[in-house]
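This report concerns only the one structure given below.
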Amino acid sequence: MQKPPRTAAIIVAAGRGLRAGAGGPKQYRTLAGRPVIARALQPFCTHPEVFAVQPVTNPDDTATFNEAVAGLDFRPAVGGGATRQASVRAGLEALAELNPDIVLIHDAARPFVTPDLISRAIVAAGQTGAALPVIAVNDTVKQVDAEGCVVATPDRAQLRIAQTPQAFRFDVILDAHRRAARDGRDDFTDDAAIAEWAGLTVSTFEGDAANMKLTTPEDFSREESRLTAALGDIRTGTGYDVHAFGDGDHVWLCGLKVPHNRGFLAHSDGDVGLHALVDAILGALADGDIGSHFPPTDPQWKGAASDKFLKYAVDRVAARGGRIANLEVTMICERPKIGPLRDPMRQRIAEITGVPVSRVAVKATTSERLGFTGREEGIAATASATIRLPWSPWGAEGQAS
């Protein structure tokens, strides 16, 4: 049996994406709660035939990139150049030490690439050495002059729209890029054009209409609406937590260190607000509770910061392809007073979860001096979480719901 080719992938993410409007480089903007760059990277990182994934980024974006793609497995990013062509060459040079048989070159602005399209690219490159995915042109195309007047109507039967990932034998596309750089040619808009210039025959294979490139604000608006509509399984969970006071000079509440004349008796930092939110999110997922994921008998959680627990719960939602629609927590105590802390608490929860602060509510009440909270023996918190998951008639265990 013939061995499959050793395939690597380059994800080009060094551009600025100015046509996409405000909000920073488009590859770091979110769609349905998930960064575009993460959506583009994951299919390559998890594809069984791709052994190495090489991101190419702008060095100014290092922190943003690392946060956006946390949890994915890939090679350390390399810095890009002034043009897409220079960025691709940087990625190729970084992969040279691995000497793959095939390289796939993909734009981070195409976040809807599928495993099937990646597989077709690998097969095509193995057969012809240079190939790109294309889709048919369905509209009539007009060629115009500088004044916008029509000068020709090309035969659309001979036209195709190019996509990525474009696939090549690694040695030939690396050589083509190096030759173009030596000759001062830096005006190519894709890698297939460089291959053509270098004298290679470039074949085509079936692309995917859904594998669109995000370019304008309208693209983002349309795809956000489409993805959100697909998240039709709306779920709500509730949570409750309580901790008694002990010795200390501060308490942790909703991610903030709050000065107080007492501390919490707790295994972790005792943040009742975040603990209640964790239980609410896990409840919405039907995924146990905070104690089952972080047992108080486990010494590794002794004194642990509760923002880790909340981030873990948020990641569980993302792993199911979902997003958090709303978070609400109610603090029940006499002191400390929550009112002055309400907005900083909302902001901190938003920072931990990645949920817009406009979708985070913090409320406070007392028990009218009744019970343990009324006697100032501790603090309680209730929480609710609304999440949206991809709709399916099947439950998490594969049974009809």
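Heads up, the Cβ atoms here are built off N, Cα and C, so glycines get one too.
As written in Swiss-Prot, here are the features:
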BINDING   ASP241, VAL242, HIS243, HIS267, SER268, ASP289, ILE290, GLY291, THR365, THR366, SER367, GLU368, PHE372, ARG375  4-CDP-2-C-methyl-D-erythritol 2-phosphate binding site
BINDING   ASP241, HIS243, HIS275  divalent metal cation binding site
REGION    1-234  region '2-C-methyl-D-erythritol 4-phosphate cytidylyltransferase'
REGION    235-401  region '2-C-methyl-D-erythritol 2,4-cyclodiphosphate synthase'
SITE      ARG19  site 'Transition state stabilizer'
SITE      LYS26  site 'Transition state stabilizer'
SITE      ARG156  site 'Positions MEP for the nucleophilic attack'
SITE      LYS213  site 'Positions MEP for the nucleophilic attack'
SITE      HIS267  site 'Transition state stabilizer'
SITE      THR366  site 'Transition state stabilizer'
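Overlay of Swiss-Prot feature records on the structure.
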residue: LYS26; record: site 'Transition state stabilizer'; CB count, 10 Å: 26
residue: ARG156; record: site 'Positions MEP for the nucleophilic attack'; CB count, 10 Å: 13
residue: LYS213; record: site 'Positions MEP for the nucleophilic attack'; CB count, 10 Å: 15
residue: ASP241; record: 4-CDP-2-C-methyl-D-erythritol 2-phosphate binding site; CB count, 10 Å: 23
residue: HIS267; record: site 'Transition state stabilizer'; CB count, 10 Å: 17
residue: HIS275; record: divalent metal cation binding site; CB count, 10 Å: 29
residue: THR365; record: 4-CDP-2-C-methyl-D-erythritol 2-phosphate binding site; CB count, 10 Å: 13
residue: THR366; record: site 'Transition state stabilizer'; CB count, 10 Å: 14
residue: SER367; record: 4-CDP-2-C-methyl-D-erythritol 2-phosphate binding site; CB count, 10 Å: 14
residue: PHE372; record: 4-CDP-2-C-methyl-D-erythritol 2-phosphate binding site; CB count, 10 Å: 15
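Closest in space to HIS267 (site 'Transition state stabilizer'), of the binding-site residues given as HIS243, ILE290, THR365, SER367, is HIS243, taking the CA atom of each residue. Ranked by Cα separation from SER367 (4-CDP-2-C-methyl-D-erythritol 2-phosphate binding site), the recorded sites LYS26, ARG156, LYS213 are led by LYS26. Taking Cα separation as the measure, HIS243 (4-CDP-2-C-methyl-D-erythritol 2-phosphate binding site) is nearest to HIS275 of the recorded positions LYS26, ARG156, LYS213, HIS275, THR366. Measuring Cα to Cα from ASP241 (4-CDP-2-C-methyl-D-erythritol 2-phosphate binding site), the recorded positions that fall within 10 Å are HIS275, out of LYS26, LYS213, HIS275. Counting every protein chain shown, 26 other Cβ atoms lie within 10 Å of the Cβ of ILE290 (4-CDP-2-C-methyl-D-erythritol 2-phosphate binding site). A separation of roughly 40 Å, to the nearest angstrom, links the Cα atoms of HIS275 (divalent metal cation binding site) and LYS213 (site 'Positions MEP for the nucleophilic attack'). Here the region '2-C-methyl-D-erythritol 2,4-cyclodiphosphate synthase' (235-401) returns a mean pLDDT of 90 for the predicted model.
When the alpha carbons of LYS26 (site 'Transition state stabilizer') and PHE372 (4-CDP-2-C-methyl-D-erythritol 2-phosphate binding site) are compared, the span between them is 51 angstrom.
Sequence-distant contacts (6 or more apart, same chain, Cβ under 8 Å) of SER268 (4-CDP-2-C-methyl-D-erythritol 2-phosphate binding site) comprise PHE294, PRO296, TRP301, LYS302, GLY303, ALA304, ALA305, SER306, PHE309. In this view, HIS243 (4-CDP-2-C-methyl-D-erythritol 2-phosphate binding site) is surrounded by 22 other Cβ atoms within 10 Å of its Cβ, with every protein chain counted.
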